[in-house]
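Asks: Quick one: this structure, given as structure tokens, is what I'll be asking you about.
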Amino acid sequence: MVRSMRSRVAARAVAWALAVMPLAGAAGLTMAASPAAVAADTYAATRYPVILVHGLAGTDKFANVVDYWYGIQSDLQSHGAKVYVANLSGFQSDDGPNGRGEQLLAYVKQVLAATGATKVNLIGHSQGGLTSRYVAAVAPQLVASVTTIGTPHRGSEFADFVQDVLKTDPTGLSSTVIAAFVNVFGTLVSSSHNTDQDALAALRTLTTAQTATYNRNFPSAGLGAPGSCQTGAATETVGGSQHLLYSWGGTAIQPTSTVLGVTGATDTSTGTLDVANVTDPSTLALLATGAVMINRASGQNDGLVSRCSSLFGQVISTSYHWNHLDEINQLLGVRGANAEDPVAVIRTHVNRLKLQGV
């Protein structure tokens, strides 16, 4: 009975995960950007440009229609910030010659050439935080700060789960077929129709085992000791360049009681009869994926990334009532009644960077 219950939970989670994947978090390295809003003030006018870095399954603008960072770039611009949005492969590893890290590095250099600035402030969501860390490690002189939002620095238990499910096929055909469809999807939603997509490499990148390897290859003072569920230093100096390090994440998905070996989960971002449960399909989907993570000992999470995994540098908060997409104001600005305003949180943080002189 317990095994049957777990199987049903797993099957539903995979289905819901596939439904939400298009919205989660290619190397279109053009400098095209949305028209800058007229600045009402200089609240977010940092010394160095801000680059927003998307995560898994992302792009700068889905199918050239919907912003990944929904409403965030225009808000920052209206407060005086110079903001650029990277457009990387939606499905790819972070390291390697074709990786997202090298794509982002090329984009950083373009932004610097276009603006005359000497450094940038990187703000990455989900996998975008790992990508940002790559650039800070290999080209430290180009980076002033790294901020990660809901980033799986220690990997994602849900990525482990998906990988384990795929391994149950002895032929390996399911992995190949699913990856082919996901790669095509990545090309279609990319604003530049980027064909550099590798879904299986992206999945491996986000597993707990592979992120441990990544952290050894690209260490950062912002990381705490492995297994400690602690953050690291608020600053680091790499090659003579100092980086300010920040993070935050959502923990809307919380464990409840355990029955027959299966622990339940609740979404603290939503209230009773919350409209987000109806108008935003990712709300229930991320509750399901978060439940899978809880049953793999993740603890509280945002549906894809646990609290412990998100810790990096100076932790602004891990108490936001957000799921993984709420962190970037998705889906289309809809969020639960208890969820904080992510646009305001990011605006306040960019002001924090301004006050720090970067």
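Just so it is clear, glycine is given a Cβ too, placed from its N, Cα and C backbone atoms.
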Asks: Going by the Ca(2+) site in Swiss-Prot, where Asp326, Gln330, Val334 are listed, which of the candidates Asp267, Asp274, Asp280 is also part of it?
Replies: Asp280
Asks: If you measure Gln330 (Ca(2+) binding site) to Cys229 (disulfide bond) at Cα, how many Å is it?
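Replies: Rounded to a whole number, the Cα-Cα distance is 27 Å.
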Asks: Could you pull the average pLDDT for the domain 'AB hydrolase-1' (48-327)?
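Replies: Mean model confidence (pLDDT) across the domain 'AB hydrolase-1' (48-327) is 98.
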Asks: Within 10 Å of the Cβ of Asp326 (Ca(2+) binding site), how many other Cβ atoms can be counted across all chains shown?
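Replies: Taking all protein chains shown, Asp326 (Ca(2+) binding site) has 30 Cβ neighbours within 10 Å.
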Asks: Give the distance between the Cα atoms of Val334 (Ca(2+) binding site) and Cys229 (disulfide bond), rounded to the nearest whole Å.
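Replies: Counting only the Cα atoms, the answer is 31 Å.
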Asks: So which recorded positions out of Ser126, Cys229, Asp280 end up within 10 angstroms of Leu56 (substrate binding site), measuring C-alpha to C-alpha?
Replies: Ser126
Asks: Taking each of Cys229, His324, Asp326 in turn, which of these recorded positions have a Cα lying within 10 angstroms of the Cα of Ser126 (active site, nucleophile)?
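Replies: Candidates kept after distance check: His324.
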